[in-house]
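First up is the structure itself, then whatever we jot down about it.
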Amino acid sequence: MALSSPSRILCFALALSAASLSLSFASSHDYSIVGYSPEDLESHDKLIELFENWISNFEKAYETVEEKFLRFEVFKDNLKHIDETNKKGKSYWLGLNEFADLSHEEFKKMYLGLKTDIVRRDEERSYAEFAYRDVEAVPKSVDWRKKGAVAEVKNQGSCGSCWAFSTVAAVEGINKIVTGNLTTLSEQELIDCDTTYNNGCNGGLMDYAFEYIVKNGGLRKEEDYPYSMEEGTCEMQKDESETVTINGHQDVPTNDEKSLLKALAHQPLSVAIDASGREFQFYSGGVFDGRCGVDLDHGVAAVGYGSSKGSDYIIVKNSWGPKWGEKGYIRLKRNTGKPEGLCGINKMASFPTKTK
């Protein structure tokens with residue numbers, strides 16, 4: 001399936017099937033945040049115009065008219081789901097983002113990449129060594145973005161490298177906290193070089209990436225080893241290359257939200273979630289409490305927590321670019337009463353350690 005190409009189709013020549021979509025967005029008057037308005041959905045021609053505007057906004061291109069027709073049909077189906085969800089007036093809303101021309105199965109195959117089948121966690125040892133075990137009180141809210149410990153949102157693209165982005169975000173955070181320097185680091189080095197247990201664009205695990213950084217003597221800066229959205233040959237480190245080091249890593253006790261907040265109050269964390277839900281694909285804003293399982297398939301970073309209108313949440317940094325969610329972030333509801341947390345966020349959190 002070709003989702004982009006250098007050539008652009010100049011005209012939408014097929015006689016597209018007119019579909020009657022009775023759509024409205026009842027829960028918000030600011031339609032700009034979801035990417036469509038009722039006027040866009042009043043006629044077949046306006047629906048096509050909406051699709052063309054979306055193509056331009058996200059710089060999409062299709063190799064054939066047939067492919068464009070197929071993507072339009074998927075787009076309409078996704079739009080129907082988005083609008084039906086928004087009409088329910090939930091605490092979050094969905095929008096027409098970069099993934100609006102992908103079926104849900106295509107999306108999961110292309111953008112999720114955590115490999116939990118290679119997990120090795122010693123739960124008793126994890127709790128015994130947990131650095132923040134004896135912390136008694138934490139602030140009501142923490143946002144590491146405001147403390148300058150979170151780099152700009154990045155985009156993994158269609159490479160299943162979420163594990164590398166999750167790892168890097170946590171290392172960038174602790175490095176800023178300890179040294180005062182926010183240094184943007186290389187996910188590509190992990191993809192190309194951390195191959196003992198991790199599998200590049202075919203998934204991996206954050207704990208193994210932390211181990212690689214320790215054994216390798218650090219991780220290079222992004223500018224010295226830029227992201228290419230594909231697996232490459234590991235580039236040997238040059239003597240003049242600057243690296244950021246860590247001393248080790250620790251796991252947060254499993255299914256323990258209090259412990260997760262204790263750690264998160266002190267530094268950004270690598271966390272794993274179940275991001276396979278269709279509502280997660282199109283999340284655009286608000287405190288998310290939608291349907292999702294606990295089968296971990298996506299690595300992200302927890303960078304804070306807080307409350308809004310009585311809803312407690314965890315601030316999660318994703319790696320799907322700044323046009324997804326709230327400028328690349330999602331607020332996941334916490335205090336759900338389930339030990340594993342919403343989308344399994346309490347199941348497998350970890351963090352790097354650094355003393356100097």
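Every residue, even glycine, has its Cβ placed from backbone N, Cα and C.
Residues or ranges marked as signal peptide in Swiss-Prot: 1-26.
Residues or ranges marked as disulfide bond in Swiss-Prot (evidence: similarity to another entry): Cys159-Cys201 (among others). Using a 10 Å radius centred on the Cβ of Cys201 (disulfide bond) and all shown protein chains, the other Cβ atoms total 17. DSSP assigns Cys201 (disulfide bond) to coil, not to a helix or a strand.
Listed in sequence order, Tyr111, Leu112, Gly113, Leu114, Gln156, His298, Gly299, Val300, Ser319 are the same-chain residues six or more apart from Cys162 (active site) with CB atoms under 8 A from its CB. Summarising the annotation, Swiss-Prot assigns active site to Cys162 (among others) and lists sequence analysis as the type of evidence.
The annotation N-linked glycosylation site is assigned in Swiss-Prot to Asn181. Neighbours of Asn181 (N-linked glycosylation site), defined as other CB atoms within 10 A of its CB across all chains, total 10. Asn181 (N-linked glycosylation site) falls outside any helix or strand according to DSSP and counts as coil.
Proximity of Cys193 (disulfide bond) to non-local residues of its own chain (separation of 6 or more, Cβ distance below 8 Å) is seen for Tyr212, Asn216, Cys234, Glu235, given in sequence order. In the three-state DSSP scheme, Cys193 (disulfide bond) falls into the helix class. Residues annotated as disulfide bond in Swiss-Prot, with similarity to another entry given as evidence: Cys193-Cys234 (among others).
The Cβ of Cys292 (disulfide bond) lies under 8 Å from the Cβ of Ile273, Asp274, Ala275, Ser276, Gly277, Glu279, Phe280, Leu342, Cys343, Gly344, each of these being in the same chain and 6 or more residues away along the sequence. The annotation disulfide bond is assigned in Swiss-Prot to Cys292-Cys343 (among others) on the grounds of similarity to another entry.
Residues or ranges marked as active site by Swiss-Prot: His298 (among others).
Per Swiss-Prot, active site is recorded for Asn318 (among others), and the stated evidence type is sequence analysis. In sequence order, Val153, Val300, Trp324, Gly325, Gly328, Tyr329, Ile330 constitute the residues six or more apart from Asn318 (active site) in its chain with CB-CB distances below 8 Å. Look at Asn318 (active site): DSSP puts it in coil.
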Neighbourhood of Cys159 (disulfide bond), C-beta criterion under 8 angstroms, separation at least six: Gly113, Ile191, Gly200, Cys201, Met229, Glu230, Glu231
Cys234, Cys343 as disulfide-bonded residues, winner by CB count within 10 A: Cys343
Surrounding CB atoms that lie within 10 Å of the CB of His298 (active site), all protein chains: 26
Where Cys343 (disulfide bond) falls in three-state DSSP terms: helix
